[in-house]
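Accompanying notes for the structure given below.
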C-alpha cells in the first residue's frame, strides 16, 4: 500500500506531499486543480511512462529543470527524477540503471478517459496497451520486445538504404532473428488475451446482460510470418519497411459478439474498458501473487447511480484504489478523502 506521495515540479504541482492512510482514496476537486496529475505521477513512478502524453518533458513544470516523484509503498521508497535529458530511477535511494530492472517493482492498473481509445482508436494504441501490461509482469516479454524493436530497426534501415539489394544474406539473418523473438511475443500476447477472457467470464456473473470478449488479431500467423521473411524480400525492399510481423498486431473488444467500436455507445464503451481493467487487475494478482494498485481517473462520470454503486461494490478490498472525481462521493464504504484546490491539499482525512 502506498502511504506517502511527494511531488516536485510535476505538472501543476510544484511542491506537493500527502500521506495516505486507507486502501481506498478519493481525490476530489474541480477540474484543472491537479487530480489527474497525482494519478499520473503514481503511474509514472511504476512504469516510467505517462498515460497522457508521449512527450515526457511535458510532465516537467514550465521553466523548471526537473520533475520528481517519491512514493513510499510497503516501506519501500520508489523515486524517479525526470529532466529534459532523461530519467533516473532509484529504489530505497539505490540507483536502478536498467529500466527493465525497475519496471515491475510497483504494479499499477490505470483507467483514464483516454482508455476509450482501446475501442475507438488505432491498432498502435491497442498494441501499446498489450506491451505495457505484459512488461509489468514479464521480464522475458520486456527483453523480447526490446530485442524485436532493435532488430526491426536494423532490418528497416537495411531495406531503406539498399533499394537495389540482390544479396539477401544479411537480410535473411535479420529475418530469422526477428522471427525467433517475434513468435515468443506472439505466444505471450495470445496467452494474455486468453487469460483475460477467462477473467471476463468471472466478472460478468456480477454484471447482468453484459458480455465482453477480447479477440486477438495477429497481423500474420507464425507460419506465414516465417514464410514472408523468407520469400517477400522484394516486397519489403519496395516499401522500404518490414510489412508483416507482430509490430502490426491488433485486437478487438467485442460486446455481445459484435465489435464494440461499431456497436457500443459511449457509456457502454466506458463500462467495457472498466471491465477490462478489473480483469487485468485479477490477472496480475494470479500471475504475480501480488495486488496491483488501481488508478481510476474520472471513472464514475457517465455512469448512472446504479452502475456507480455496482462498480464500487466490485472493488476488491485487497487492492489499493485511487479515484479522482469532481463530484462528492457518498456511501457507507470507508475511504480517505483528499480535497484538492489549486494544487494543494486542503483536506485529507
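Placed from the backbone N, Cα and C atoms, the Cβ positions cover glycine too.
Just so it is clear, the model here is predicted, and its values are computed rather than measured.
As written in Swiss-Prot, here are the features:
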{"type": "BINDING", "residues": "29, 30, 31, 32, 33, 34, 35, 36", "note": "ATP binding site"}
ATP site, defined by 29, 30, 31, 32, 33, 34, 35, 36: further same-chain residues with Cβ within 8 Å of the Cβ centre: 324, 326, 340
Fewest Cβ neighbours within 10 Å, where candidates are the binding-site residues 29, 34: 29
Site of maximum Cβ density within 10 Å, from binding-site residues 31, 36: 36
Those binding-site residues listed as 30, 33, and which of them has the most Cβ atoms within 10 Å of its own Cβ: 33
Distant-in-sequence Cβ neighbours of residue 32 (ATP binding site), under 8 Å, six or more positions away: 12
List of residues, in chain order, with Cβ under 8 A from that of residue 35 (ATP binding site) and at least 6 apart: 27, 28, 29, 297, 324, 325, 326, 340
